[in-house]
Amino acid sequence: MSVLTCVIESMGSSCSRSHSFDEAEAAENAKSADIDRRILQETKAEQHIHKLLLLGAGESGKSTIFKQIKLLFQTGFDEAELRSYTSVIHANVYQTIKILYEGAKELAQVEPDSSKYVLSPDNQEIGEKLSEIGARLEYPSLNKERVQDVRKLWQDPAIQETYSRGSILQVPDCAQYFMENLDKLSEEDYVPTKEDVLHARVRTNGVVETQFSPLGESKRGGEVYRLYDVGGQRNERRKWIHLFEGVNAVIFCAAISEYDQMLFEDETKNRMMETKELFDWVLKQRCFEVPLSVCEWFKDYQPTAPGKQEVEHAYEFVKKKFEELYFQSSKPDRVDRVFKIYRTTALDQKLVKKTFKLIDESMRRSREGT
């Protein structure tokens, strides 16, 4: 009896372990199948995600385009995100007025007609105070008193004369916009508008990405774009290389207005020449096997006539230069890549929207082989 019992117990234990093992194996197989299924689903989903790189030199408008994508094709900025730009905008004001004040002092020393850049004694005192604030790592919020000082300094004829020389002083493009809206910036309940956010300037560090579906037929087809914005300053470009892998298109931005400006990181280098060399470098990358989608570039050219006709002439000149550089720098077996130039303005939402619809259409045609 005891032996039988022992045998029965042994057999029962073996069956229990076998049953437990079968359950564990079944569970493991189910888990593995679920993982495989999810991988397959993610692979299929990734097939509808097209990788876009947003490249260009510093201050070329890349980050403004990136913000426009959020406004156009996503939910935009909620109140918390808008409020987060308050400190950035206040910093832009302090940085701008510091650049202008220090620039006026410098020009007063080196320019033949130095008297144009000499501030009134009262404004010199204000300038010293604001310049000290502008040199800090952290900036105080703009209040009514500080706004009054900034406005008084901004309206000084010497500062206005200096502002007209902004191309040699690294004066940000947002300067006039924020100086014309100082009162609202100092309000206690100030919440930046989308226009304020678009004008706000902060250098991109590292890599920022966003995912969106553009308007158009592809939206119904599930096409999704993943856009990467990377810093354009020289010390950020080493991060570009690994991003080229698996890319479907590059959007290369260049600011035509920078033809007479110097680099922030190298004041001996013309910004447009830097853009030209950077575009040339991008074209020559071994891993670069994608169509180029958007580019603008302006170098030196011969004016023809004032007004709108001159603007059109300048654009066509720049467009031709990029086309020539593309064919010069592309290897013979690469010239059949899709290469297009679209004209847009980073702050114009309608133009940006139209440009991305054109990019989307071009990429769909390329994928369809038409």
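Any Cβ shown, glycine's included, is placed from N, Cα and C.
Pulled from TrEMBL:
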- 59-64, 198-204, 229-233, Ala346: GTP binding site (BINDING)
- Ser63, Thr204: Mg(2+) binding site (BINDING)
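Sequence features, as recorded in TrEMBL, placed on the structure.
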residue	record	Cβ contacts under 8 Å, 6 or more apart
Ser63	Mg(2+) binding site	Val202, Thr204, Asp229
Leu198	GTP binding site	Thr64, Lys67, Gln68, Leu71, Ala346, Leu347
Arg201	GTP binding site	Val88, Asn92, Pro172, Asp173, Cys174
Remark   = If you tally other C-beta atoms within 10 angstroms for each of the binding-site residues Lys62, Gly231, Ala346, the top scorer is Lys62
Key: Other C-beta atoms that fall within 10 angstroms of the C-beta of Thr204 (GTP binding site)   = 17
Query = CB neighbours of Glu59 (GTP binding site) within 10 A?
reply = 22
